[in-house]
Structures are given as structure tokens and as C-alpha cells.
Amino acid sequence: MATQSDLMELEMAMDPDRKAAVSHWQQQSYLDSGIHSGATTTAPSLSGKGNPEDDDVDNQVLYEWEQGFNQSFNQEQVADIDGQYAMTRAQRVRAAMFPETLDEGMQIPSTQFDSAHPTNVQRLAEPSQMLKHAVVNLINYQDDAELATRAIPELTKLLNDEDQVVVNKAAVMVHQLSKKEASRHAIMRSPQMVSAIVRTMQNTNDVETARCTSGTLHNLSHHREGLLAIFKSGGIPALVKMLGSPVDSVLFYAITTLHNLLLHQEGAKMAVRLAGGLQKMVALLNKTNVKFLAITTDCLQILAYGNQESKLIILASGGPQALVNIMRTYTYEKLLWTTSRVLKVLSVCSSNKPAIVEAGGMQALGLHLTDPSQRLVQNCLWTLRNLSDAATKQEGMEGLLGTLVQLLGSDDINVVTCAAGILSNLTCNNYKNKMMVCQVGGIEALVRTVLRAGDREDITEPAICALRHLTSRHQDAEMAQNAVRLHYGLPVVVKLLHPPSHWPLIKATVGLIRNLALCPANHAPLREQGAIPRLVQLLVRAHQDTQRRTSMGGTQQQFVEGVRMEEIVEGCTGALHILARDIHNRIVIRGLNTIPLFVQLLYSPIENIQRVAAGVLCELAQDKEAAEAIEAEGATAPLTELLHSRNEGVATYAAAVLFRMSEDKPQDYKKRLSVELTSSLFRTEPMTWNETGDLGLDIGAQGEPLGYRQDDPSYRSFHSGGYGQDAMGMDPMMEHEMAGHHPGPDYPVDGLPDLGHTQDLIDGLPPGDSNQLAWFDTDL
């Protein structure tokens, strides 16, 4: 107990009455001689004020003073009040510092004059209470630690007892101790105790014992020291075993403890995999508690990330279907986000990818593309982009395609990048998808995307590829070719042929220009935008590169930025072939001195290059001057040789060029040429030129899209940041779209009645280029 003198000293220190009186007095205006304060250096005024301007302030103070003490007290009453305050000083201090010691209902008069200004004792109350609680907690903490330290050896023995009742009681006590921080630290510092808890949890058949022991481990797992103790005591296999428990509380404790271990304990991932944790976790995906599912899916993501074996185990356990069901069923944002993260990791696995697609993953992920959660939308887009190359044959994609077209207008660069990439793959070799995208304004949206993207090739390249797919081989292809022009897309498309565009983007743009040239209305605008000189420039550069490599003894095709220069040669020549259908374009092409180069390309060992070279020469040879120039360059010999090509498209174009070159030749020459053409073009089934029937050339046949080939560097994947080390792969699909206006797969060359009828032969040529030219409308 405090002594009387201590209390009196405290009272003196904290008594506000005297201080308040002095302070209040000091605030009043009074006659100051200046001896003590030096406030005045002039004689005071007659009113006794230091400054006559303070009249208003003084009046206000006097008013407030009168308001506060407008009732009169006699001397006896004042002495009585003063006595009451003096008697209750100790109670006021006690009420502030130790309120629990006061008798209930006891009234203590307050010395507070102004409610806005607490007294010294009141200001002391809060910190004194905090100090008291800290001291109490320290005493309790020490007591808990000492109690636990003394009890742990005994409780360890009881947990190992043969009597299950004793074990249960001990487990309950340990669980209670683990709820307090001091005793929890004592438990985790005892390897014997942690081992006993793990062993008891693993071996017990009692539900309550399992709940208490798993709950204890859960409490320990909130500390790094506890995680290490659980790991060293073999807790992970035991916890994995508990994932098969029918009791929800045990399941929750087990999965959350494993989650903490996977997040923070080194070596935990491998231990969980070895204990069969993946299979157990996938089996738990049929539960309905959304928070439990969120933790479980996050565990799966941690285990699968960067580990191919884990991805295959999840696949074998039926994981893709279960994960897709979650995306289709629930609305809890955190669960959808964690599930989409697992699917994103699995979507770069070539084995899991088709399984997710077959389970309806594309449609399920598409449901959340308009969710307000940006992290969920972004994960769904990344996953869809990774899956999209395996989903080109999927049905029921209308809703997804419409949403993707809308997302092209987003201000988020990542969203636009993913949406363009997904559209590029989904429109590849899929007639219905092409129609749908065109019908929902996809052409306009893609052109606008290219215009907005500037030099961001991670956006422009997939957008150009999508346009390339949409402008070829479907019912609305011609409308799409016109729409690109009508939405002011031609200038920006031609501009992409120039620096700083890289070869992959240039390759895609060349293919798009070739498709746009299938529409006669685009011939003049493309010419006016300078497309022809730039195509010739690219052709010359690529051809020189291939020639230089050949002269240095290189036999294998080399890649520049993932693109073979032979592809650029083939693509530019093919685009010029289609553009040459216009007479004015032919004049420009011929004026750029291209005929010698085209003749040289006839000697290429690559059949596709032979065919496009023969094709462009066939168009140019319509003009007599060009036909003479072709002959002057010595084209007769290579063209005659190509008549015997196994590629029927090459042979047909070669025959057409030779025929056009023979227009002004003597009749004997024409007859000899007729015999040569007949014997060459109808080797397997001899017939004469004047026999009716089709030549049967399957020049326009569409090839199947080539699958993903990791050994082919031309197959490139888009990466937008990626998720850790797992590639955000967009495995491109090759699409053979060469003929423009023909929905059917075969475009036979009509039978020609007589070699002398030039126009019949010309009319028999395929209206479009051969679809065997796999370069166009292909990968991203």
C-alpha cells in the first residue's frame, strides 16, 4: 500500500485546482508595473489596462467568468466543497489507475472544469492502464511458459500412453496450451512433444483426439520454428493421411497446416508429393466449402508450378475436370482466382491442355472475363491464351468470341494482348469462329487495336495474324477484305512492312496483304500506299540472305528472329502474284526489274518457292512485253524442267507461262510444245489437250493444321511476363489459307480443248493460289 506521504505528494503533483487558478489569473488583463514581466515601458492608462485595444477581449473573459460563477457561495459552503475534493483525491487517482478496486456504485466528484480539457489525472489514466496490462501479461506469459515447461515432459508421456482415454485427455490439454503464445513456444521447442503429437494424430481412431492433435499442429504452423519442428518430426505424411478424414474440422486443420508448410518450409513440397498429397488434394475438390476449396487449390498451384511430374499426377487424378467444374459452379472470388492460377500452370502442359479444353475449360474461363476482379480476369485470359491453340475445333465458343472482341477496346495493355492472341488462334482453321468474329465487329475492333498499338508488336502481331485468318476462306472473307480498307486499315498494315517491325510481324503482314489483294477493290489502294516496292525490297533482301548462306556452304535453313528467310521469299512472291492480277500493278512490278529475280527463283530447291515464282510469272506473261522479257531471261529451260515437277501446281503454272510465251511463235513450235505439255501434265493418265474433262489438280486443297512442334523454331509462343518459370505458351497452329473466294476444298483446273486457245488455258488456272502454301495464314 502507498504511504500517506506518497499519496499527498501525488495529490500535490496532480492537483489541478491551484494550477488552474493561477493559469486563469495569468490569462486576465491586470495592471503590470513591468518590474517582473517587462510587459510595459510606458505609463499605464487611466483604465489600468496595458493596451486599450484589449477592451473587447476583456469583456468576453469577464462575461465567461460571470457565466461560470453566477451563483453565490458563502464561506462555509466553499470550505465544505474544498473539504470534499481533498477527501476524494486518493479515490480519483485510484479510479484512474485501478478502477477495479472501487466499490460498485461509488460516486466520486470530478474536478474537471471544461469537458474539452481533461484533468491531469484523467490524462494519466490511459497510459497507466496500458502499463498495468503489460505487467499483467508479462506475469501471465511467464506463468504460462513455466507451467508448460513443467507440464510438457508429463504430457509427452501421457500422449504415449496405451489407454486411449488418457491420450485423449492429454491431447485436449496440449491443444489448450497451444492456444497461448508462451506455452506454444514451449511445445514447439520440445522435439519429443511434437513427435508425440504427430504420432498420436496419425495412429488414433478417436475423432476428438484427431481434432485436438491436428489443431495443435495448426497452431504451431503459424511460427517458422513450429513449421520446422513439424517438418523434422515427420508431420507431413501424417497430415497428408489426415486429408482422408471424414471430419471437416480435422480436414481444415490438416489442409491449412500443409498450406503453411508449402508456403514457408523448405523441402515441404517434395515431402507432400512423396506422401501422395496431390492425389488426396485433387480428391478433395468435390467438397463444397468455398474457403476450404480455395486453400486446397492454392496448395495444388504451389505443388504444380514448375514441376511437370506434379502436373501429370493432377491430370491422372482427374484434376482438370474438377477444376473446370469449380470455375463453372462457384462465385467466390478468391476460390475462382486460386483455381484459375492452377489452370494457368496446367495450361502450359501439353498433356493437360487438351484435357482442360475437352472438359469445357474455354467456355468456363470465358464466363469470368467481365468479372470486376482484375486479377481473376487476367488469370483467365492468360489461361485461355495458353489453351487456345488446342481449342480450334471446339464448339459453342460464340459467347467467348464476342467477349474477346469487346476486350480489344480495353485500356489495359495486358488484356488487349491476350485477347488478340486468343482470337488469332481461335480463328485459325475454324470456319464458324471466323464467321462469328466478323459478325460481331471483329474486323473493325482488330484494325482499331493495330492503330492504337503503335509499335507494340506483342499486340500488333497477334492482331495482324487474326486479320489474316479472317480475310481468307470463309463465307464473309470478301466482306472482311473490304472492311479492312473501309476502316482505314490499309495504311497502317503497309506501314508495318517497314522498320522497326521485326521479321515475325513482317511475315504476318505479308500474309495479310496477300489475302487483302484477293479483293480487286484493294489493288489500287495497296499500290498507292507503296506496298509493291516494299514487298520487292523485302523479297530481294531475304533472297540475298539465302544466297549468301548457300554460297558459304550452309545447307540448313537459318532462322532470323524465329523466321526462315525462305518463308519471306515465298510470302513476298506469293503476295506479288496476287497483286499482279491488276494491270497497273503488273506495270509497277515489271518496272522494278523483278523478272530476273523471279526467273532465278524457278531454280529454288523449295517447291513452294518454285510455285509462287511460276505463278507471278504466269500473271506477268499476260503482257506481251513482259512475256518477251521472261523469255529473254532464259526462263524457257527452267520452266520446261518444271513441267516434270511432282507438284502439280508447279507444273500447271510452268505450262501456262510457256504457253503465253509461245503466242507469237510459229505453229510448228506450238505443236511441239503441245506434245511436251501433254506428255508432262498427263504422265499417269495420257490424254490430249483437246479431250474434255478436268485436269484433276487438287491445287486448292486445304491441309490440316500442323500440331505444336517444339523442335521447330518457327513455332513461337507469346510471353507477357509469364507466371514464374512456367511459359505462357501460345502454341501456334498452321493454317493453309491460300485461295480466297472458294468455300470448297478442291479447285480443279478445267480441261482445255486445244493448245491453240490461249484463253482457255488461262481460264483453267486456279483463281487463287494453292492452299498447299502453308506459309500464309498460319502461326503467330
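Keep in mind that glycine also has a Cβ here, set from the backbone N, Cα and C atoms.
Lifted from Swiss-Prot, the feature list:
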| type | residues | note |
| --- | --- | --- |
| COMPBIAS | 735-744 | compositional bias 'Basic and acidic residues' |
| REGION | 34-56 | region 'Disordered' |
| REGION | 735-770 | region 'Disordered' |
| REPEAT | 140-179 | repeat 'ARM 1' |
| REPEAT | 224-263 | repeat 'ARM 2' |
| REPEAT | 266-305 | repeat 'ARM 3' |
| REPEAT | 350-389 | repeat 'ARM 4' |
| REPEAT | 399-430 | repeat 'ARM 5' |
| REPEAT | 431-472 | repeat 'ARM 6' |
| REPEAT | 478-518 | repeat 'ARM 7' |
| REPEAT | 520-561 | repeat 'ARM 8' |
| REPEAT | 583-622 | repeat 'ARM 9' |
| REPEAT | 624-663 | repeat 'ARM 10' |
Write out how many residues of the repeat 'ARM 3' (266-305) are helix, how many strand and how many coil, based on DSSP.
32 helix, 0 strand, 8 coil
Counting by DSSP, what is the helix, strand and coil composition of the repeat 'ARM 4' (350-389)?
29 helix, 0 strand, 11 coil
Per DSSP, what is the residue count of the repeat 'ARM 7' (478-518) in each of helix, strand and coil?
29 helix, 0 strand, 12 coil
